[in-house]
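Taken verbatim from TrEMBL:
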type     : residues : note
DOMAIN   : 4-62     : domain 'Tudor'
REGION   : 57-110   : region 'Disordered'
COMPBIAS : 66-75    : compositional bias 'Low complexity'
COMPBIAS : 76-95    : compositional bias 'Basic residues'
COMPBIAS : 99-110   : compositional bias 'Basic and acidic residues'
TRANSMEM : 206-228  : transmembrane segment
TRANSMEM : 253-272  : transmembrane segment
TRANSMEM : 293-312  : transmembrane segment
TRANSMEM : 324-343  : transmembrane segment
TRANSMEM : 454-474  : transmembrane segment
TRANSMEM : 480-499  : transmembrane segment
TRANSMEM : 520-541  : transmembrane segment
TRANSMEM : 561-580  : transmembrane segment
């Protein structure tokens, strides 16, 4: 294997593809298989270059010094030549010969012009006698040539263009101008092609095309499996597969109508002109989108609507009785939404496509999301689905499970386990809606496209899997003591404190690093102009928000007891999800920040769990 010549982080001169111009770049990585260097230009553009297209900066400086050192001698020699006694006579002889050449060229051009005019006037071909020139038959034109003026003869048409091309009668300035325009267009098209190729997603996640194809079927099957198992008297994982219900019992038009009513009710709340308008982070083209921050208002209005339904004695445990049908309806709706999103993304401009969902492979882009921020007018589909229908729906489902437990077991009040689960998860949802603006800096908004992965996750996975503990407790009540409940509450508070304080530090620093309130935070500067925090929670582990998430997920599952592992599926899933996200973030940050990220990793060695991982 040949040795690489340039090291990571080295500043060199890289040739822009399709041109002879060299620009200052920084080497970020090297591929041992293709022997290509990944370099980063000052404007942030990353391209892959061959070693022959990269040069040291010193070689350019050396050439510059050579040219500057040689110029005085050239000037002196030219001055000595101009002082020679025979120079003026020689100059006169050269000028007279040049004038003679110009006269000959002029005569030649005049002759060619005369020949061309004769060809135009007398030998212009025709296919039939009915062809008209200036409104008269061809025979009339031949008999009466005096009627046709010279302007009409020279009127540019296809034949004139042909003759001009044949005898090279176009001015040289025009020819040069055309050549310059052509070369500029060619360079522009080359740059555009390179930019389009560089914007393609090269590194595929989730097992690539095969993995994403399987996940499209595996994710819905997992949701249905978990819900069916919770309905069993013995929800042990050894009892596989659970008895499958009849297919006709999985679908009901009324349930689907209720789901649509819920979805569009939340869309109506989203469109209300309440709450502040804020700008998101800059996109790749420098543009900033505006977002309406009114998620907490939507939650309050939803709570009022649910309270009104309960006041008029609406049976909210209808959700529990038709829980599987609601899950099927949500899955069908998310699939239809994903198809619509992919079809509309095919017409989206290149700069509006998602960095992680622009591979060119249909299945992969359909799953991860092809368009970054699909909007219908000012209605942002991804941002709306991220917090509203699924997250608020999660709280409504938990409340329905609490009421179902009381009705099924003839209780005057819910169990302590159900109260803990509802309270902990209500706190999590209210916190997310209260700090809605913080979501604008997450990977879901800034990097991931809106496709099947997020549509299914927001509308199906969040409300129906995150409520798994409450659904489990309805059929499998678990009694816990007050001391155990107090210990679980303390654990959840610790997780919430880590989660919220870490996210607040990150969001405040990203918004305004110069804020005097953040003066105590230390950071490592990067080539992108951003900083990597090395104090506070982000100096403790690299992803403290993930650590808080996992602690809270454990506290949500503990009230369900230890009889079955099913309620802890959420904890296992959450750990796997966050480890995957952490690995993705590590790779993304290494590419983005280069040497600065390596310094940060040396400073903060633990990823999620201190002293463990």
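All positions are counted from 1 along the displayed chain.
Glycine is treated like the rest: Cβ placed from N, Cα and C.
Using the rule of three or more Cβ pairs under 8 Å, pairs at least 6 apart in sequence, the transmembrane segment (454-474) is in contact with the transmembrane segment (206-228). Each of 253-272, 324-343, 480-499, 520-541, 561-580 was scored by its Cβ pairs under 8 Å to the transmembrane segment (206-228), and the highest score goes to 324-343. Outside the transmembrane segment (324-343), and at least 6 residues removed from its termini, the chain residues within Cβ reach (under 8 Å) are 220, 223-224, 227-228, 245, 249-252, 255-256, 258-260, 263, 365-366, 369-371, 374, 381, 450-452, 455-456, 458-460, 463-464.
Among residues of the same chain six or more beyond the transmembrane segment (480-499), those with a C-beta under 8 A of the stretch's C-beta atoms are 416-417, 420, 424, 427-428, 431, 537, 544-545, 547-556, 558-559, 561.
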